[in-house]
């Protein structure tokens, strides 16, 4: 498969801002992602500059002549459509999904509703507003149960609840990060992740090789995701070829159902009892650190980190073509 144009000239892409940092709970990871992307783009002759959205005025991007933005922000106010909307108003092309798809993908409840409406498998869930409601959800969904913020990533604020007396503290932890708290049926089995790369406006998205994740005691938390060497990543996944293709198609369908573009990473559980895959969430601005999964999957497909970053940047675009809104206003 050809996922990269070897003749792409990084110097032709103009002045580029790598948006990183931000104000979400994932700021630390975003800074690591942004630093890696910045090095990669500069290695491909791109005129790239770091831009911490927590410290800079986005309006400066227009004033200082930036042509494109690589979004290396994670979580709220970076991956949820807010920055994308600002860049739409500024008329500056950006990487990844547009305003609506970004917003829906970060909101786990909304993405699960859309997937369910499309007939795509996702664990049962309940949206709760108190510890008492979380306890009621446990009775319905069964133990163990996952309690997490509806609009955060990197397993921040997530708890695995086994007993009713744990529900109140699990709810309070999740509510520290988001007033919308999601209780989700726990799926026992292997955790998989699948990167999806857009092939351009006239071609379909394509899944890269799956990664099977084996964390100590099955606990793939924030520390194990980004800073631990104890987690084991299997790529190739070791699954039968036909099963891997089917799960890749599921990730592509999840990507399409939300209207994503550019790239994303779908997180999937493979139920041990019957090998049924379940969609957990999709990340529209995935991590790009040295522990991150997208670069690992890309390498398995023959795409280097530097070439991946350059390809994503070259695909930067806008929901609304430049001049379309001003033309409508004149009409």
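Every residue, even glycine, has its Cβ placed from backbone N, Cα and C.
Look at Swiss-Prot and you will find 138-193 tagged as ATP binding site, backed by sequence analysis. According to Swiss-Prot, the Mg(2+) 1 binding site annotation covers 267, 281. Per Swiss-Prot, Mg(2+) 2 binding site is recorded for 281, 283, and the stated evidence type is sequence analysis. According to Swiss-Prot, the feature domain 'ATP-grasp' maps to 112-314.
The two recorded residues residue 159 (ATP binding site) and residue 281 (Mg(2+) 1 binding site) have their Cα atoms spaced 16 Å from each other. Geometry remark: residue 267 (Mg(2+) 1 binding site) versus residue 145 (ATP binding site), CA distance 17 Å. Residue 180 (ATP binding site) sits 18 Å from residue 283 (Mg(2+) 2 binding site), taking the CA atoms of both as reference points. Cα of residue 152 (ATP binding site) to Cα of residue 281 (Mg(2+) 1 binding site): a span of 11 Å.
Under a cutoff of 8 A between CB atoms, and with a sequence separation of 6+ in the same chain, the neighbours of residue 145 (ATP binding site) are 137, 138, 160, 161, 183, 184, 185, 186.
Spatially, by CA atoms, the binding-site residues 166, 173, 187 include one closest to residue 283 (Mg(2+) 2 binding site), and that is 187. Residue 138 (ATP binding site) carries a helical DSSP state (H, G or I). Annotation for residue 173 (ATP binding site): same-chain Cβ neighbours under 8 Å, separated by at least 6 residues, are 147, 157, 159.
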